[in-house]
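Worksheet: the structure to be examined is printed underneath.
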Amino acid sequence: MDSVGVIIPAAGQGTRMGVGVHKQFLPLAGIPVLAHTLKVFQEAEGIKEIVVVGAGEDIAQIWELVRRFRFSKVSGIPVGGRQRQESVLAGLKALSETIRTVVVHDGARPLLTLTELNRFLGKAAGSVAAIMAVRVKDTIKRVDGAGWVLETLPRSELCSVQTPQVFERQLLREAHLKARAAGFAATDDGALLEWLGQPVRVLPGSFENIKITTPEDLFLAERILERRRAETAAASGAAAGEEEDPGVHRTAGTSPSGYGQDPAARVGPCAQQVAPAEEKNRMIRQESDFLTEPAGKRSENYEARTPPFRVGVGYDVHALADGRSLVLGGVKVPYARGLLGHSDADVLVHAIMDALLGALALGDLGVHFPDTEEEYRGISSLVLLERVTGLIKERGYRVGNLDSIVVAQKPKLAPYIPAMRENIARTLAVAQDRVSVKATTTECLGFAGREEGIAAQAVVTLVTVAEGREPNSGEES
């Protein structure tokens, strides 16, 4: 095939993932899902150009990803629509005029290998439209709205359709324009060609070429990548204890989260906090591995970056002073004095943020919200907590549970704890039963006992999306 371009629809909201991060940016083996998807097309010799179609709010982030991973074939990132058809049509308009053949591939389908892509394109040559599919394994029944079987469909005639799909560009454009004019909606581009009366060839796909739609899919994708690497290591003759070539990363016997590795490399609840410089160097090595190893494989460094859960501890102290309001957990507590600080001095929320940042080795509060900045003067600490929560979501984690304690001789805090829990849970976007707030005194000992100040401690567990999602029945558009 000559002049082949690729359209990657990546404008979906990922509502079925149950998190606030669009699924194409979630980490898969430490690298965004979309980066895995793009890499195979970057490496394919027959692909001349790639267009990624994104949501308006994601365009800058996609460009950053393209630059970061050196996807030089990406020529444009147009804004997509609410429906997939709108996004593909936007991609068609953005491709160079010289492109005659178009491949459409889901942005959240990251496990396509270069071998599978080349085989598919080779067999599709000469067809005006071809799609990748696998035979269904289960019996399929057509069911009415009341839940009664209407008929059992012959399994031998049924396929589960995947991407990539390949088309003559002008024919695909015609199908999209006519479907839009007629108000016809389809769930894949091959169906538009069927509707137009064109022959669509079905070519064998792979059961591993899954689309990331739910947290379970993300977990399965990790396992598939792990197995592929183990097989590659075995085929290359890598043996236990043998020094490996720098280009080969062996993971046989280890899990996606890094357990089973040398204890010094382990991550998880017993992980040591990593210095910022060391963490930065690790990320550089991880991305370097991703750029140099074949698509569909994962490096050992990837596994060191995706523990299933992480733990953080936070601690904060503020002095009591006259003329200040006492704010704890976002609740204004009636008292003669309040806590001294640049913001509202909510010592409880500060300890919680300290724990959250520590769990991901992101530094302390002063790094993110320095008290030399006027924008933070008097600001509600719940606003800052919301920003920290955003940092956590961007890295594919959410709060598993939080335990915290306020140390104060006075005032009595028990009546205000339910409201504190409600505020904190709402800001963290978790259920209240995942947030614990306690209060204690020091029996008149120390600075807290002398009513000179109030302290707070917090312990938080962060879990990956696949481990810690909330129930969600939403469907993607």
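Every residue gets a Cβ built from N, Cα and C, even glycine.
These features come from TrEMBL:
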REGION    1-263  region '2-C-methyl-D-erythritol 4-phosphate cytidylyltransferase'
SITE      Arg16  site 'Transition state stabilizer'
SITE      Lys23  site 'Transition state stabilizer'
REGION    234-301  region 'Disordered'
COMPBIAS  277-288  compositional bias 'Basic and acidic residues'
DOMAIN    309-462  domain '2-C-methyl-D-erythritol 2,4-cyclodiphosphate synthase'
REGION    310-477  region '2-C-methyl-D-erythritol 2,4-cyclodiphosphate synthase'
BINDING   Asp316, His318, His350  divalent metal cation binding site
SITE      His342  site 'Transition state stabilizer'
SITE      Thr441  site 'Transition state stabilizer'
Discussion item. Can you tell me how many other Cβ atoms are located within 10 Å of the Cβ belonging to His342 (site 'Transition state stabilizer')?
Written reply: 15
Discussion item. I'd like to know the mean pLDDT over the region '2-C-methyl-D-erythritol 2,4-cyclodiphosphate synthase' (310-477).
Written reply: 88
Worksheet item: What Cα-Cα separation, expressed in whole Å, is found between His350 (divalent metal cation binding site) and His342 (site 'Transition state stabilizer')?
Response: 12
Worksheet item: By a simple count, how many Cβ atoms lie within 10 Å of the Cβ of Lys23 (site 'Transition state stabilizer'), its own Cβ left out?
Response: 29
Worksheet entry | Residues near Thr441 (site 'Transition state stabilizer') in space but at least six apart in sequence (CB under 8 A) | Val407, Ala408, Gln409, Ala448, Gly449
Worksheet entry | Under 8 Å by Cβ from Asp316 (divalent metal cation binding site), counting only residues of that chain that are 6 or more apart | Val347, His350, Ala351, Asp354, Leu365, Ala455, Ala456
Worksheet item: If you take the centroid of the Cβ atoms of Asp316, His318, His350, the listed divalent metal cation site, which other residues of that chain have their Cβ within 8 Å of it?
Response: Val317, Leu339, Gly341, Ala345, Asp346, Val347, Leu348, Val349, Ala351, Ala455, Ala456
Practice prompt. Tell me whether Asp316 (divalent metal cation binding site) sits in a helix, a strand or coil according to DSSP.
Written response: strand
Worksheet item: What Cα-Cα separation, expressed in whole Å, is found between His342 (site 'Transition state stabilizer') and His318 (divalent metal cation binding site)?
Response: 11
Discussion item. Among His318, His350, the binding-site residues in question, whose Cβ has the most other Cβ atoms within 10 Å in this structure?
Written reply: His350
